[in-house]
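Written below as C-alpha cells is the structure these notes are about.
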Amino acid sequence: MSQQQTISTPSTADTSSKKMLTAMVGIGVICALLIVLVYDGTKERIEQLRAEALEKAVFRVLPGVSSSQMFELGADGVFKPVNKPEGKNPIVFAGYNDTGEFLGVAIEGSGQGYADIIRILYGYSPETQTIVGFYVLESKETPGLGDKIEKVDHFLANFTELSAKLTADFSKIENQIIPVKQGAKSNPWEVEGITGATISSRAIGNIIGESTATMVPLIFAQKESFKKNPDQK
Amino acid sequence: MLSKTLHISSSPHINKGISTDTIMRNVVYALLPMVVFAVYAFGTNALFVILASLVACVGTEHLLCVWSGKPSTISDGSAVITGLLLGLTLPPIFPIWMTIIGGILSIALGKFVFGGLGSNPFNPALVGRAFLQAAFPVAITTWYPAFSEGRFTNFSGSVFAFPFSTPIVDGITGATPLSAFKFDKVTADSMDLALGLVSGSIGETSALLIALGGIYLITRKMMNWRIPVSILGTVFVLSGILFLIDPKLYPSPFFMLFSGGLMLGAMFMATDMVGSPITPLGVVIYGVFIGLLVVVIRIWGGLPEGVMYAILLGNALSPQIDNLIRPRIYGTKKTKP
Amino acid sequence: MSAGITKHTEPKADPSSTDEFIKGLWRENPVFVQVVGMCPTLAVSNSAQNALAMGLATAFVLVMSNILVSALRNFIPKEVRIASFILVIATFVTIVDYAIQAISVDLHKNLGAFIALIVVNCIILSRAEAFASKNGIGKSILDAMGMGLGFVFALFCLGAVREILGNGTLFGIAVLPESFEKWIIMILPAGGFFTLAAWLLLFNFFKLKKAKA
C-alpha cells in the first residue's frame, strides 16, 4: 500500500506490538460501543416497521381484514398459533375483521421467476374457496417487463376471485390453478398471463398452483382452528 | 483501414488480390436475394426498416470519420453490410426511430470506439441489435406474420412511430416458431421453415436463401466454411441427441437448424473475419462453442432465441482461443497462456 | 479496490479550507475524475432516489470515519492503520444500515446488499489513508464533505439520467409524456455502464478543452 511501512527492529518490537494491541483494542471498544448504542436506539422502530410491512401485505391480500395472527404448520400437518417464526416451518397468517371474525388466510409461496426466486403472499378465503388477493413480497424481475406482475391491472384482477375449490371430499383441489396466455382465460381457476412478461406471469400462476395444491386442503380441513377463541383475546 | 495514397504496411507484401472492398461487395451480393425475398414476404414495412438501418449505419460511419478528421471509410462497404445485417435481424414492423438508434450504436459502439474496421472485437451489427434487445424488449419481439394480405399497401403505425414514443401495434402480430415452441411447445413444419414461410426477423426466415448466399461466398473463398459448418453441425448433433432422448420435450434437429436466426447468424455474422479466430482449429473450437451456446440458450434459457448472444460471446472468446492453440515457437518451452 | 490513487490527492503546501471542500466536488470528483467506488456507482444508480440515498449514506460514513480517523491519527500505529480504518468504517456502515432500516424498509430493500459494501468503497478508505490520517479534524471534515458531496452529485447525475430514460420519471414523478418509450436497458446494470461512459466522455471533453485553452 505504501512505502512508509517500516520493519520494526527487534529492540522496539515489544513496545510496538503492545502499542498496536492497545490501539486495536481501544478502537474496537469505541466502535462496539457506538454500534450497541445505535442498535438499541433503532431496534424498536425497525421491528415495528418490519411488522407493519408484513401486516400491510396481509391486509392487502385479505380485503376487510384489520388484525392478523401468525400460524405455523408443524411437521404433523397441524397449524398452531405462534408469535415468532421458528425454524423452517411454513408460516401462514389468519386475518380477522374488526369484530374478530375469521375471514381468511394469507399464505406465502415462492418459486423460480425469470431473474430469481419470486416470493409472493396470497389470500385464501375458506368461506368462498377462492383466492382473494395477491401481493409480491420479493422479486428481482426485470424492471419494466417482469415487474408488470405487480402493476398490470388485468393480471392483478386474476386474484380477486380465483377458484381454489376442493373436491367433494375436501382432500384435494378440484382443478389445479394453472397459468394461461393473455386473453385465453376461460375457467375460474386459470391465471391470465401478461404479454411481454410471459415468463414472470407464468411463474406466479405456477407458484400459486403448487402452493394451493398442498396448503389449501390442509387449511380448509382445519379452518375451525383459525377462528379466534373469545378467551384468547 | 484503406488509404488511397501510398500504402505502407508490414509483410506480406504480395497479396491475393482480393481487397476488403471486393469481399464486402460480394457479401452484399450474397445478402441481396434475402433482402428481396424479405421485402416480398413482409411487405413495404420491411423495406423501410432495412433502408433506415442502412442509412443510419453509413451516415454514422461517414460523420464519425469526418469529425475525427480521417478520410471517410464508407467506400470499403463494411458499413453497408453492418446496415444490411442489422436491418435483416430486426422484426418487420420495428419502429424506424429505434432502427436508427441501433444503426448509430452499431457503428459508434460496435466499431468506431475500437478504432474502426479491423479492430472491432464484436460483430458491429450484433452490438447494435443487443442494445436494441435490452432497451426495447417489447418492440423487438413484436412480430408480423409473413405473406399477410395488403403487406405492400399497409404502412404500419409501428414502423412510423413518432421518435421516442411507444410504437402502437396495429393489426395482427404473429409468434415466431421459436417462441411458439418455447411457450406453447408447438413446433412448426421444417419445410415451411426452410423456405421461409414463417414469421420472424426480416431476413432470418428463409434458411434456403441464406444457405445459398453462404455457399456463394464459400465457393469464392471469401468465407471460412469451417465456421458455419461447425456451428450448424454442433447444433444439429446436440439437438439430435436431445431429440432422441425425449422427442416430446425437445424439438427436432431440423426445427433447430432452420428456425430463428441460426442460419443467418452462422453464415453471415459468426463469419465476421475480425471477430473470429485465425487458425483452422481455432475456428472450429469457436464454431462448436457458439453452437453449444445456441442449444443451451434456446432449450434451457429464459429467451426463445440465443444466436445473437452466442455469437457475441464467441467473438469475445476468439482472442483467447487463438492464444490457447498458438503453436509453440521451435526450441522454446511450453508456457502457460 | 485499492488505495493506489493516493498519489495525486496528497495535501498541497497549505491550501485554503474552501479549496479542501471544493476540490472533491469538481476537480477531484471521486467518480468522474478519480473513477473510484464504481461498484455502488453502477449498481444502485438506477433511480434518482436510490442514487441519492446511497450517495448520502456513503457521504455520512465518509464524514464520520474521517472525523474519527483524524482524531485518532496520532494514536494509531502505522503498522495497523489500514485495519483500524476498516474497523472504523465498518462501524459507521453498520450504523447507517440500522438508520436506513429505521427510516424505511422499502428503501433498505432497494439498496440491499450495497449498504454493507460501503465498507469496501475505496473512496472512504482512500480519504482516510490519504487525508484524514495526515490532517486535523477541521480540514478532514471539509475534505470528507467535499468528496462526499462530489460522490452524491455524481451518483445523482447517473441516477437522474437512468431514471428519466429508463422509466420516464424523476424521483418517481413523471417528467416525460405517457407515450415515451422507456429504454429498459437504462435501469438494467448495462445501462449504468453506458451512462457512466457518457458522463466520463463529457468530463474528459471539458478537461481537454480547458487544457487546450
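Glycine too: its Cβ is placed from the backbone N, Cα and C atoms.
Residues annotated as FMN phosphoryl threonine in TrEMBL: B:Thr176. Annotation source TrEMBL lists transmembrane segment at B:23-42, B:79-110, B:130-147, B:193-218, B:225-245, B:251-271, B:283-301.
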Positions on the same chain near the transmembrane segment (B:193-218), where near means CB under 8 A and six or more residues out: 26-27, 29-31, 33-35, 37-38, 41-42, 46, 49-50, 85, 87-92, 143-147, 174-178, 225, 228, 254-255, 257-261, 263-264, 266-268
Output the single range from B:23-42, B:79-110, B:225-245, B:283-301 maximising the number of Cβ pairs under 8 Å to the transmembrane segment (B:130-147). B:79-110
Do any residues, 6 or more residues outside the transmembrane segment (B:225-245), come within under 8 Å Cβ-to-Cβ of it, and if so which ones? 214, 218, 251-253, 256-257, 262-263, 265-267, 270-271, 276, 280, 283-284, 286-288, 290-292, 294-295, 299
The residue listed as 'FMN phosphoryl threonine' - helix vs strand vs coil (DSSP): coil
